[in-house]
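Asker: First the structure, which I've put down as structure tokens, then a few questions once you've had a look.
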Ligand code: AHG
Ligand code: MN
Ligand code: MN
Ligand code: MN
């Protein structure tokens, strides 16, 4: 089986970027080990702290954030870092070529139940006309990402990653400590009979989105040609991994009862990297209005509605939302 570095070389990824990716993946290997040890490595449970998102931080949120941050600061390849668990950007190495953003631990509510969790990361080129301390380093559209990926800590530890070419899947060989290529090109089927949405938010959705889900629930007893199945993981990384593996639609729509904070998922370190992986696996990724990767970001912790997965199902959903 092919190892990661030769795959990146084959995709003509430059050496500086390869070294940076290697740093991120080494940190993820360490997170994977600690996740695997569970209660034995004292990583379960909560802290008393809150992040800027207003969420209580789990021990593993903090540990994963610290591991990634420390290794990136040492690497010399990163100018600026942004994380779900950091209030502000962190200035790293002046003059370094890249900036990195990550969700160190996605699916925090699954930590203590031994459910799926993961790390999501994205890399952009640093801007020379902006200081390393400025969050304006990250005011770049998702189309500017030079690498996007996640490491999923499930029964196996998997890496899904794209550097602009195909979205590839690697499996961490824990006996040798290396990531081996196990799917050359992920390819999301255009059609699907599976949807992922948190149904407990049903009464908070827009009329258009509620109508869409009502029709999925009716399936072939209503207007749709088939019967639909539903899955919800509680970790976007796990839900989108299923969509990348066998198709489906993943939705986290706006909450119309919360005008101040209508969306839940974060553009920079959740929506954009997963949208790039989905698009490079022949899927589609949108908000309730526009292509996710085309959004001009307003700030690092910005949130957006997310609808992504099988192309014709995403298009169908957008029609209910009157997006042409
Ligand atoms: P995080 O654990 O990084 O804060 O992200 C959780 C996100 C995402 O992974 C998931 O899809 C969603 O929140 C789950 O939301 P619900 O609690 O509404 O199911
Ligand atoms: Mn969180
Ligand atoms: Mn997350
Ligand atoms: Mn998180």
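Placed from the backbone N, Cα and C atoms, the Cβ positions cover glycine too.
This is the feature table in TrEMBL:
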{"type": "BINDING", "residues": "84, 103, 105", "note": "Mg(2+) 1 binding site"}
{"type": "BINDING", "residues": "103, 106, 270", "note": "Mg(2+) 2 binding site"}
{"type": "BINDING", "residues": "106, 107, 108, 109, 198, 264", "note": "substrate binding site"}
{"type": "DOMAIN", "residues": "11-183", "note": "domain 'Fructose-1-6-bisphosphatase class I N-terminal'"}
{"type": "DOMAIN", "residues": "188-321", "note": "domain 'Fructose-1-6-bisphosphatase class 1 C-terminal'"}
Asker: So what's the mean pLDDT when you look at the domain 'Fructose-1-6-bisphosphatase class 1 C-terminal' (188-321)?
Answerer: 98
Asker: Would you list the DSSP helix, strand and coil counts for the residues of the domain 'Fructose-1-6-bisphosphatase class 1 C-terminal' (188-321)?
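Answerer: Secondary-structure breakdown of the domain 'Fructose-1-6-bisphosphatase class 1 C-terminal' (188-321): 58 helix, 21 strand, 55 coil.
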Asker: Measuring Cα to Cα, how many angstrom lie between residue 198 (substrate binding site) and residue 103 (Mg(2+) 1 binding site)?
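Answerer: Just about 20 Å between their Cα atoms.
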Asker: Looking at Cβ-Cβ distances, which residues of the chain lie under 8 angstroms from residue 270 (Mg(2+) 2 binding site) while being 6 or more apart from it?
Answerer: 84, 103, 106, 120, 236, 306
Asker: Given the binding-site residues 84, 105, 107, return the subset with CB under 6 A from an atom of ligand 4, ordered by sequence, or none if empty.
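Answerer: Result: 84, 105.
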Asker: Within the same chain, and leaving aside 103, 106, 270, name every residue whose CB is within 8 angstroms of the centroid of the CB atoms belonging to the recorded Mg(2+) 2 site, in sequence order.
Answerer: 84, 102, 107, 118, 119, 120, 150, 236, 237, 265, 266, 269
Asker: Assuming the binding residues for substrate are exactly those in the record, 106, 107, 108, 109, 198, 264, what is the maximum CA-CA distance in angstrom, rounded?
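Answerer: Result: 16 Å between the two most distant Cα atoms.
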